[in-house]
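Okay, so here's the structure we're looking at.
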């Protein structure tokens with residue numbers, strides 16, 4: 001079983017690497033198909049929700065791929081204007097990403113996936129569509145960024161399961177990445193890397209302790225509880241954490257070129273931070289957890305603090 005997973009992961013990464021080394025639109029489509037077919041077996045687990053998620057994912061992704069290859073054929077025939085053709089190519093990539101207004105399927109899929117597969121969906125599976133979008137620029141990217149910031153933040157307000165919260169958070173963070181793409185900034189790569197790192201750390205803790213809700217009970221390890229709190233606050237953009245620094249740098253670049261887009265981005269970030277703090281506070285209050293700082297605790301999380309601080313200074317030095 002482990003060998004089979006390794007093979008599928010190998011094909012998954014190879015599809016991304018091959019896409020980066022090619023400029024052919026048809027070959028990019030082949031890489032998209034390899035990527036999809038490599039990920040589907042990784043989604044499987046022995047429950048009905050997983051099977052439903054696989055079916056929905058396959059239908060959405062195959063439809064988007066068909067849309068892309070159809071748009072590519074029109075592109076070579078020169079049947080439409082260049083602006084419209086770019087839009088037709090970008091739309092299927094937005095569908096694959098689960099960006100608004102094509103996001104309805106994304107939280108549903110996230111709810112039914114195993115945690116390891118969810119981590120891949122929220123991170124690695126975004127690389128290839130984002131790369132293709134960076135090649136074919138369209139005004140649709142900016143529209144999707146605005147809508148993703150709105151739907152991603154408002155959609156997470158009434159959610160209580162961590163899977164759906166992470167799904168809507170992913171849509172919200174996608175709005176920042178798309179905004180960077182719309183101004184042709186390569187900072188989106190660094191944003192995606194840092195966001196992916198936080199997601200993998202959060203899901204690793206969820207997988208290790210079988211956490212599905214914001215439930216910081218006394219049975220759980222206090223160190224783990226605090227680690228999750230820090231990571232979610234960073235994900236929400238709480239200063240002075242690395243998540244805030246990335247959003248601040250993004251906002252600084254966007255404000256220079258497209259000032260109006262900064263308003264929905266800031267508002268969505270505040271809403272995200274609000275429902276993170278609300279859920280964290282209610283969970284801590286419900287279980288009456290009091291964290292005690294000790295010498296051993298300090299040394300255990302010294303490396304995490306160093307990582308956050310070092311990352312902040314490195315990013316600031318690049319401005």
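Quick reminder: no glycine exception, Cβ is built from N, Cα and C everywhere.
Sequence-distant contacts of the transmembrane segment (7-30) (same chain, six or more residues past either end, CB-CB distance under 8 Å): 37-39, 41-42, 65, 68-69, 72, 75, 89, 120, 124, 127-128, 131-132. Marked as transmembrane segment by TrEMBL: 7-30 (among others).
The feature domain 'NADH:quinone oxidoreductase/Mrp antiporter transmembrane' is assigned by TrEMBL to 22-270.
Cβ atoms under 8 Å from those of the transmembrane segment (50-77) belong to residues 25-26, 29, 32-33, 36, 40, 43-44, 85, 88-89, 91-93, 95-96, 105, 108-109, 111-114 of the same chain, restricted to positions at least 6 beyond its ends. Annotation source TrEMBL lists transmembrane segment at 50-77 (among others).
Per TrEMBL, the feature transmembrane segment maps to 84-107 (among others).
Taken from TrEMBL, the feature transmembrane segment applies to 127-153 (among others).
As annotated by TrEMBL, transmembrane segment applies to 165-183 (among others). Residues 97-100, 103, 106-107, 109-111, 118, 122, 126, 130, 133-134, 137, 141-142, 144-149, 151-153, 155-156, 159, 191-192, 195, 199, 202-203, 235-236, 246-247, 250, 253-254, 257-258, 261, 264-265, 268-269, 272, 275, 279 of the same chain lie 6+ residues outside the transmembrane segment (165-183) yet bring a C-beta within less than 8 angstroms of a C-beta in it.
What TrEMBL records for 189-214 (among others) is transmembrane segment.
Per TrEMBL, transmembrane segment is recorded for 226-248 (among others).
Residues or ranges marked as transmembrane segment by TrEMBL: 254-277 (among others).
The annotation transmembrane segment is assigned in TrEMBL to 298-318 (among others).
Using a Cβ-Cβ cut-off under 8 Å and counting only residues 6 or more beyond its ends in the same chain, the transmembrane segment (127-153) has close neighbours at 15-16, 19-20, 28, 31-32, 35, 83, 86-87, 89-91, 93-94, 96-97, 99-101, 103, 168-179, 181-182, 184, 188, 192, 258, 261, 264-265, 267-269, 271-272.
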